[in-house]
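Visitor: From Swiss-Prot, here are the annotated features:
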- Q110, R113, G154, E175, D242, F243, C262, Y274: S-adenosyl-L-methionine binding site (BINDING)
- D266, H297, Y356: carnosine binding site (BINDING)
Amino acid sequence: MEYDEEEVKVLKEVLSAFFLYRQYAHTITQQKRKSMSRLSFEHKDLLLQDSDNNFLKHLSRIDQCIEQNSVLAEAIANAAIPVFCSDFDQNELFHVNVDMMQKVSSTLKQIARDWSTECVEERRTTYAPFIEELNSLFPSDSIDRSKIRVLVPGSGLGRLAFDIAVEGFACQGNEFSYFMLLTSHFILNCVKQENQFLVYPYIHSFSNHVMRDDQVRSLNIPDAVPSQYLRNSQNFSMAAGDFLEVYGTEESRDSFQVVATCFFIDTTKNILDYLDTIKNCLVDGGYWINLGPLLYHFESEGTSNSNSDSQQQPFVELTLEQLFYVMDSMGFEVLKHNSVDTTYMGDKRSMLEWIYHPHYWVCRLQKSKLRFQ
């Protein structure tokens, strides 16, 4: 792969973040120990009185979990180097900020969501509707599914795209984040057996745990080995890059029979740009399947007083009612529409879970019915 100078810099920062995970995560437990050392004698004694289950021993258990997570984080980075950045030198790691380090922790949690058995119910709620709809629209006994091209923008760690490809469709995932791209490359291409790795996704937060064991419990990943299912690589591919830039071009016009967006359409500054791009890459009569909220990621940026270049860009956040009106004007005929309740990277043992009420719809693009070209 070839990247420009700025992309190479970002890649090296992301790779460095994976290699620095061990150091960063241990810093957190070290800070906890320092904080404890400043407690009064009485308070310290309360936390240490149980010799088998005191707070310092719990921190030591977390340190052991960090070591296991580091094995996975470094395996991801090592697998990515020859493919994405062959001149990367592990002896010259880039300085990365806390935000990037937190993205490594979040990526480990995302691995659990997409590729562990424990999180299968959350995937069933959010991914199964796509599979069921595709199977209904394109029955395998009457249609050659390998001729049906499905695009999954914002494909993350590739699980939805993988599940679609397993059903026989020609599926392409698209992802912009290098954290997701490097990790999905590892899962999709490098893992050799089920449950090959342990991940401890819940150790990075000390809040809302009922039991100490809840915080330090491990999950096995992956629950499926993609390389064993996707022997015909023509049925599955991943495309790196910004959705608007990759699929808003003349070359991408009328390229897909289906676009499947899951927790995605609120990740842009101007949602109308996404609609234009979906319309561009879908064939006439093609289907757009969506499930997700409208939690606009750039809303606060759009209301800031900054004079930066990004601030000069249009920010458009529509209600669902407004969105459906615009979709109708652009030729999207809504065939199905309902809502579901789901968590996102939830923890069933936690005292706190955010419940989303995302809407699900299936649209058919009728380009002959466009009110606006």
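Backbone N, Cα and C define each Cβ position, glycine as well.
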Visitor: Within 10 Å of each Cβ, count the other Cβ atoms, then let me know which of the binding-site residues R113, H297 comes out lowest.
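Guide: With the binding-site residues R113, H297, fewest surrounding Cβ atoms within 10 Å: H297.
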Visitor: Cβ within 8 Å of the carnosine site's Cβ centroid: which residues qualify beyond D266, H297, Y356?
Guide: F263, T267, G292, P293, L294, L295, Y296
Visitor: What is the nearest of the binding-site residues Q110, R113, E175, C262, Y274 to Y356 (carnosine binding site), using the Cα of each?
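Guide: It is C262, whose Cα lies nearest.
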Visitor: Tell me, in order along the sequence, which binding-site residues from Q110, G154, F243, Y274 have their CA within 10 Å of D266 (carnosine binding site).
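Guide: Those near D266 (carnosine binding site) - Cα within 10 Å - are Y274, in sequence order.
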Visitor: For the C-alpha pair, I'd like the distance in angstrom between E175 (S-adenosyl-L-methionine binding site) and H297 (carnosine binding site), rounded off.
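Guide: Taking the Cα atoms only, E175 (S-adenosyl-L-methionine binding site) lies 16 Å from H297 (carnosine binding site).
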Visitor: Specify the secondary structure state of G154 (S-adenosyl-L-methionine binding site) as given by DSSP, simplified to three classes.
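Guide: Coil, per DSSP.
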Visitor: Greatest CA-CA distance (Å) over the residues Q110, R113, G154, E175, D242, F243, C262, Y274 that the record ties to S-adenosyl-L-methionine?
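Guide: The S-adenosyl-L-methionine-binding residues span at most 26 Å between Cα atoms.
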Visitor: Look up C262 (S-adenosyl-L-methionine binding site) in the DSSP assignment and reduce it to helix, strand or coil.
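Guide: It is in a strand.
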